[in-house]
Amino acid sequence: MDFPIRSQARLYPAQCVTFCLYVRVPPLSEWNFLKMQTDARPSATWPSVPKVHKRNRSTSLSDQQTAKKAHANHARLHLPQPIEPVYESQNGSVSQSEEKSSAVEINNSAAGDPQRFAVADLNFSWAEEEEKVVLAPYDYVASNSGKEFRTLILNAFNAWFRVPPESLTIICDVVRMLHTSSLLIDDIQDNSLLRRGRPVAHSIYGVAQTINTGNYVYFLAAKELNKLRNAASALEVFTAEMLNLHRGQGQELYWRDTLKCPTEDEYLKMVSNKTGGLFRMAVKLMQAESPAGPMAPVCDKLVQLLGLVYQIADDYKNLTAVEYTTSKGFCEDLTEGKFSFPVVHSIQSRPEDRRLYQILAQKTTEVEVKKYAVSYIESTGSLEYTKQVVRVLVQRARDELSRIDQGRERNQEMHALLGKMALE
């Protein structure tokens with residue numbers, strides 16, 4: 001049977017609205033049944049407020065509001081109050097009231113006693129698990145290693161330097177750490193999407209964490225140098241070449257962001273600082289650790305040539321090689337807006353034509369637009385010109401290699417590496 005209950009609600013100062021609230025009052029038989037159930041099972045819940053299973057200790061705001069309204073309505077209508085819902089947790093069943101008091105206790109416990117700071121040991125140690133968190137972006141890239149070309153070059157140079165194995169291992173590790181950590185930063189600065197065929201680290205770990213990790217590993221590498229026999233000299237070399245690396249990177253970013261095309265010589269100087277810096281650092285560290293000491297061969301010119309060949313050949317492959325499309329994306333240098341060696345030559349060949357400027361400014365990801373850019377670069381003879389430059393530099397490096405080797409052809413590893421770098 002339904003009974004209307006009249007009430008008045010004041011909605012506006014000058015207006016009252018009368019409304020009817022209809023409540024269904026159960027028949028006497030149902031009341032007796034419910035009373036028997038609640039007497040027999042005091043833990044039973046009111047039918048309209050079901051028991052909740054597998055909940056966390058913290059209840060949501062909506063659950064608390066619903067429970068309060070249910071209690072208020074039953075009290076106003078003189079109905080039996082529903083049993084407070086019970087929530088199951090890992091520590092057993094708890095009610096909402098117990099939940100609140102427990103939460104207060106937890107908060108008070110978390111706050112703790114301020115006096116503990118008077119005697120507490122505040123000398124914290126760095127845990128291995130914490131180190132893993134900070135190094136996660138680096139480990140992600142390092143786990144997908146590349147060609148290890150720099151390690152091959154160091155092994156080839158060691159035919160002359162004869163660096164002790166333990167020192168050579170440290171130098172190779174330092175070079176690998178610096179190269180990998182620089183990739184973390186480069187990918188952010190270039191807005192890259194892929195690195196070695198996988199999503200770039202900052203797309204997974206975030207930009208801020210990836211930058212922090214890249215910088216952190218720079219200092220870890222410097223710390224490793226303290227293990228070398230000539231640690232003081234090694235740190236001087238490290239500092240000088242890291243400065244050169246950042247100078248070269250700064251130049252390249254400036255040209256890209258201001259859409260200023262460098263001259264060929266400006267480009268070569270940038271490459272000498274950016275790419276050649278890491279090669280020079282490695283070779284100078286090996287010279288410092290070599291048992292030959294001052295009698296060790298001077299390889300500065302060869303290292304310089306290797307850095308130029310490596311970068312210019314890389315620029316060429318980025319626009320032409322299929323494997324680069326798989327690992328980095330199709331013509332990624334064009335998407336980055338980069339003034340690579342073929343692009344610089346193409347623009348200078350036709351300075352009045354602004355088409356390449358416009359394409360670089362857009363940082364386009366459209367494949368057809370990039371295909372058109374490559375065909376334009378090819379039409380200016382820039383791809384063939386780049387191949388010829390690499391060929392000349394490789395031959396010059398071979399001549400320098402023969403000079404260092406004094407015609408004895410001892411360093412066959414270096415000859416083999418130069419053969420791989422040539423664009424034949």
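Backbone N, Cα and C define each Cβ position, glycine as well.
If you look up Swiss-Prot, you'll see K147, R150, H179, R196 marked as isopentenyl diphosphate binding site. In sequence order, V141, N144, S145, G146, S327, K328 are the residues of the chain that are 6 or more apart from R196 (isopentenyl diphosphate binding site) and have a CB within less than 8 Å of its CB.
Residues annotated as Mg(2+) 1 binding site in Swiss-Prot, with similarity to another entry given as evidence: D186, D190. In three-state terms derived from DSSP, D186 (Mg(2+) 1 binding site) belongs to a helical segment. Neighbour density for D186 (Mg(2+) 1 binding site): within 10 A of its CB lie 17 other CB atoms from the protein chains shown.
Here Swiss-Prot flags D186, D190 as Mg(2+) 2 binding site, drawing on similarity to another entry.
Annotated dimethylallyl diphosphate binding site per Swiss-Prot: R195, K274, T275, Q311, K328, K338, in sequence order. The DSSP secondary structure for Q311 (dimethylallyl diphosphate binding site) is helix.
As annotated by Swiss-Prot, compositional bias 'Polar residues' applies to 58-67.
Feature annotation from Swiss-Prot assigns region 'Disordered' to 42-73.
In three-state terms derived from DSSP, Y218 (site 'Important for determining product chain length') belongs to a helical segment. According to Swiss-Prot, the site 'Important for determining product chain length' annotation covers Y218, on the basis of similarity to another entry.
Secondary structure at K147 (isopentenyl diphosphate binding site), taken from DSSP and collapsed to helix, strand or coil, is coil. Neighbour counts were taken at the CB atom with a 10 A radius for the binding-site residues R150, H179, K274, K338; the maximum falls on K274. Between the farthest pair of Cα atoms in the dimethylallyl diphosphate binding residues (R195, K274, T275, Q311, K328, K338), the distance is 20 Å. Among the recorded positions R150, H179, Y218, K338, the ones whose Cα is located within 10 Å of the Cα of D190 (Mg(2+) 1 binding site) are K338.
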